[in-house]
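Copied over from TrEMBL:
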type     : residues                                                                                             : note
ACT_SITE : HIS136                                                                                               : active site, proton donor/acceptor
ACT_SITE : LYS140                                                                                               : active site, proton donor
BINDING  : GLY11, SER12, ALA13, GLY14, LYS15, VAL16, ASP37, GLY79, THR80, THR81, ALA106, PRO107, ASN108, PHE109 : NAD(+) binding site
BINDING  : LYS38                                                                                                : NADP(+) binding site
BINDING  : HIS137, GLY146, THR147                                                                               : (S)-2,3,4,5-tetrahydrodipicolinate binding site
DOMAIN   : 5-109                                                                                                : domain 'Dihydrodipicolinate reductase N-terminal'
DOMAIN   : 112-247                                                                                              : domain 'Dihydrodipicolinate reductase C-terminal'
Amino acid sequence: MGSGIRVGVLGSAGKVGQAIVAAIEAADDLTFTVGVDKGESLQAFVDSDTAVVVDFTHPSAVMDNLEFLIGNGIHAVVGTTGFTEERLDQVRTWLSDNPAVGVLIAPNFAIGAVLSMRFAAQAARFYESVEVIELHHPHKADAPSGTAYRTAKLIGEARTEAGLGPVPDATTDELDGARGGVVDGVHVHAVRLAGLVAHQEVILGTEGETLTIRHDSLDRTSFAPGVLLGVREIGERPGLTVGLEQLMDL
Ligand SMILES: NC(=O)C1=CN([C@@H]2O[C@H](COP(=O)(O)OP(=O)(O)OC[C@H]3O[C@@H](n4cnc5c(N)ncnc54)[C@H](OP(=O)(O)O)[C@@H]3O)[C@@H](O)[C@H]2O)C=CC1
Ligand SMILES: O=C(O)C1=N[C@H](C(=O)O)C[C@H](O)C1
């Protein structure tokens, strides 16, 4: 048996899963145990004495995965998207029956994406208008991205706290979807384009000026340092942690 934290990966054959397996294998303080992909048994994590599982699968699969992992006392670091408030509450319920287990769920593990969410929330109170545009590869299942959804929620909260009203918008006649989706009063637009990985712009505007906060993940290795930070910390953080920023001392 190797040394260090024993880590497995769910969705190990996927685009992000492959990058995470490589990063775990390259880390001196971690031991890669087993990868599990669609159609394979989660029991492999129990049999291999895995302490932490990283999940990059699919929104339709992640809840069953978490129920199994928590029930078997295995910590989880989750990048898979699709977490509504109801889903987070369900995870909290499972964790309350297994209080020693830690689960970290983060919409984005790229350090710059986490910073850009924080910057957008900080800037929000100074601007009358704001919209979010996320741009991704065309194989992505969900729209808008988990990151854009979370960014819009943070901006919405900051606007409410600052006493700002609705963003100005005189649209009365629109093609369905032309103004995007609306999350907490913030318009969110999703672009799907071959050649892209994961990108986001938050555009803020007020009298005579705009501010654009942009982040680009140019390669899926951008998610690895954040995931490994989560893997190293989650064993010491029982319960549910939402967002990598909780571990970044921002
Ligand atoms: N939080 C973050 O920083 C990031 C989050 N993501 C999110 O991670 C998820 C995966 O993204 P990505 O790697 O691009 O997607 P991929 O489709 O490339 O990879 C997902 C992998 O999981 C497999 N899979 C599907 N269902 C299961 C299951 N029940 N058990 C085990 N494996 C399963 C898929 O198999 P098959 O192909 O056969 O269906 C595939 O191999 C998405 O929700 C995405 O939004 C992505 C990047 C960063
Ligand atoms: O599917 C992806 O690729 C990504 N998904 C996450 C999201 O939905 O925010 C994170 C990143 O944008 C890449």
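Cβ coordinates come from backbone N, Cα and C, glycine included.
A TrEMBL annotation is a machine prediction, not a hand-curated record.
As the structure is a computational prediction, the values presented were derived from the model and not from experiment.
When the binding-site residues GLY11, GLY146 are scored by other C-beta atoms within 10 Å, GLY11 scores highest. Sequence-distant contacts of THR147 ((S)-2,3,4,5-tetrahydrodipicolinate binding site), defined by Cβ-Cβ distance under 8 angstroms and a gap of at least six in the same chain, are PRO107, ASN108, ALA113, MET117, GLU134, ALA198, GLN200.
Helix first, then strand, then coil: DSSP counts for the domain 'Dihydrodipicolinate reductase N-terminal' (5-109) stand at 40 helix, 25 strand, 40 coil.
Set side by side, the binding-site residues ALA13, ALA106 differ in how many other CB atoms lie within 10 angstroms of their CB, and the most is found at ALA106.
Comparing CA positions across the recorded positions LYS38, THR80, LYS140, the one lying closest to GLY146 ((S)-2,3,4,5-tetrahydrodipicolinate binding site) turns out to be THR80. Report note: the (S)-2,3,4,5-tetrahydrodipicolinate site is defined by HIS137, GLY146, THR147, and the residues of the same chain whose CB lies within 8 Å of the CB centroid of those residues, excluding them, are THR81, PRO107, ASN108, GLU134, HIS136, LYS140, ASP142, SER145, ALA148, ALA198, GLN200. The highest number of surrounding Cβ atoms within 10 Å, among the recorded positions LYS38, HIS136, is found at HIS136. For the pair the residue listed as 'NADP(+) binding site' and GLY11 (NAD(+) binding site), the Cα-Cα distance reads 7 Å. Contact annotation for recorded positions (HIS136, HIS137, THR147) versus ligand 1: none, no CB falling under 6 Å from a ligand atom. In this structure, none of the binding-site residues from ALA13, LYS15, ASP37, LYS38, THR80, ALA106 has a C-beta falling under 6 Å of any atom of ligand 2.
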